[in-house]
Amino acid sequence: MNILLLGATGSIGDSVLSVIKENHSELNLFGITFHKNKNKSQEIIKDFKPEFAYVEDRSTFEDLKDTSDITFLNGDSSLKELIEHDDVDVIISAISGFAGLKATYLAASTGKKILLANKESIVAGGDLITARAKKFNSKIIPIDSEHNAIFQCLSGQRSPDDVQNITITASGGPFIGKKISDLKDVTKDDALNHPNWDMGSKISIDSATLVNKCLELIEAKYLFDLEESIFDLVIHPQSIVHSVVTYKDGSSICQMSMPDMRVPIAHALSNEHRLPINFEKINFNDLNLSFHAFPEDRLQIQKIAREVCNSGGHLGTIFNAANEVAVESFLNDQISFDKIYEVIHRTFDNNSMSKDVSIESIYEADTQTRIKAKKVVKSIT
Ligand code: NDP
Ligand code: MG
């Protein structure tokens, strides 16, 4: 199976490469994309010898293009050709943030299997990405751990009407148990230090604010095409139960594994049989699982996510862009951690975008929202 890995130099990229390595007789890394990480991309090229490497950043492309006998690509039309290449069987969407929308949108029109990690493209692209994938028969399989869990728990169901509700679990992040008002002085290192997962910086901050779970609620609504009211969010600090589907006859089915992104990736990459990986077993002889209510002071942000689910249009684009600007501003030392919420709320309120969505209008809404959010950041600093 030939794999095109979008965002190969990131944390999800690492996990995918590890699964490929362990299953090299079945899986082949055909192509990679990345932004500008020279060292990491060169290591991957040396180890896996893909045929193509698409480099988003022009000057990095110029530096790399003659360094190896593989083909380096740059520019939107080359990206499109690579994504549509006849030899690509599976496309893994693992670029971080809104930057992943371009490639995910292209992938949705190929009719190929898409393994989706880049939740921001679903949140910002909303109806557009899933509708396009449906139209072109491109099958999206989630590798975000909660969504992959739901996907597995739903397989074998008789009818979508049988589902009573779906509980999406959240680790709670590094500040579990803390109120927003306790988080004024936390540092970047504190916020990036996730207790269970080792991830890229943007999603690590999203996990610390719990906005990640709000993005995941929207992601779930679109991927499974279910009403927002079916989904509950719950804190589960051990990150072992990755989500739970409760059926109308009272059965709750969950998927469990130690926190390791290679598990959902291996599942999503499997075809006729499950791909073996070297995983850490759950020690059922000494296992304490706990579940708590989502913190009350994050209900307001959850309400925004639910509004995005119910109203659609450009609201997902606006929510996502407001959050991306807020996270960047925190990482650039412009605002304190607790102000991330204020930036999102003030940017999201009173927007007046039309409900008709196209790829162009999504880019426009993203641009306008970033301008507004940056003004909010400026007013705070
Ligand atoms: P990382 O920050 O570790 O990696 C991001 C990847 O995207 C890198 O390959 C980077 O290239 C590339 N990239 C960044 N900006 C651009 C751009 N403008 N154009 C093209 N490529 C770009 O992110 P993660 O791997 O942590 O996350 C990837 C996605 O998966 C996110 O959407 C995240 O929410 C989701 N996800 C991640 C999980 C995890 O465990 N990490 C869990 C569940 C979901 P370069 O290195 O050259 O900058
Ligand atoms: Mg997740």
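Numbering starts at 1 and runs along the chain as it is shown here.
Cβ atoms are placed via backbone N, Cα and C, with glycine included.
A quick note: this is a predicted structure, and the numbers were derived from the prediction, not measured.
TrEMBL lists THR9, GLY10, SER11, ILE12, LYS36, ASN37, ASN118, GLU120, GLY200 with the feature NADPH binding site. Marked as 1-deoxy-D-xylulose 5-phosphate binding site by TrEMBL: LYS119, SER145, GLU146, SER171, HIS194, SER207, ASN212, LYS213, GLU216. Taken from TrEMBL, the feature Mn(2+) binding site applies to ASP144, GLU146, GLU216. Residues or ranges marked as domain '1-deoxy-D-xylulose 5-phosphate reductoisomerase N-terminal' by TrEMBL: 3-126. The annotation domain '1-deoxy-D-xylulose 5-phosphate reductoisomerase C-terminal' is assigned in TrEMBL to 140-224. According to TrEMBL, the feature domain 'DXP reductoisomerase C-terminal' maps to 256-370.
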(request) Quick one: pull the CA-CA distance for HIS194 (1-deoxy-D-xylulose 5-phosphate binding site) versus THR9 (NADPH binding site), whole Å only. (result) 20
(request) Report the residues of the chain - excluding ASP144, GLU146, GLU216 - with C-beta within 8 Å of the mean position of the site's C-beta atoms, for the recorded Mn(2+) site, in sequence order. (result) LYS119, PRO142, SER145, HIS147, ASN148, ILE168, ASN212, LYS213, GLU219, ALA220, SER243
(message) Just to verify a number: CA distance, ASN118 (NADPH binding site) to ASP144 (Mn(2+) binding site), in angstrom, no decimals.
(response) 8
(request) Summarise the domain 'DXP reductoisomerase C-terminal' (256-370) by DSSP state, stating how many residues are helix, strand and coil. (result) 66 helix, 3 strand, 46 coil
(request) Tell me the Cβ contacts of LYS36 (NADPH binding site) under 8 Å, same chain only and six or more apart in sequence, or just say none. (result) VAL55, GLU56, ASP57, SER59, THR60
(request) Starting from the Cα of LYS119 (1-deoxy-D-xylulose 5-phosphate binding site), work out which of the binding-site residues (THR9, SER11, ASP144, GLY200) are within 10 Å. (result) ASP144
(request) Under 6 Å from ligand 1 by C-beta, which of these binding-site residues make it: LYS36, ASP144, HIS194, GLU216? Sequence order, please. (result) LYS36, ASP144
(message) Using DSSP and collapsing to three states, where does ASN212 (1-deoxy-D-xylulose 5-phosphate binding site) fall: helix, strand or coil?
(response) helix
(message) Given a separation of at least six residues and a C-beta threshold under 8 Å, show me what packs close to GLU216 (1-deoxy-D-xylulose 5-phosphate binding site) in the same chain.
(response) LYS119, ASP144, GLU146, HIS147, ILE168
(request) List the Cα distance (Å, whole number) between THR9 (NADPH binding site) and ASN212 (1-deoxy-D-xylulose 5-phosphate binding site). (result) 21
(request) Could you tell me which of these binding-site residues, ASN118, ASN212, has the fewest other Cβ atoms within 10 Å of its Cβ? (result) ASN212
(message) Given a separation of at least six residues and a C-beta threshold under 8 Å, show me what packs close to SER11 (NADPH binding site) in the same chain.
(response) ASP198, MET199, GLY200, MET261
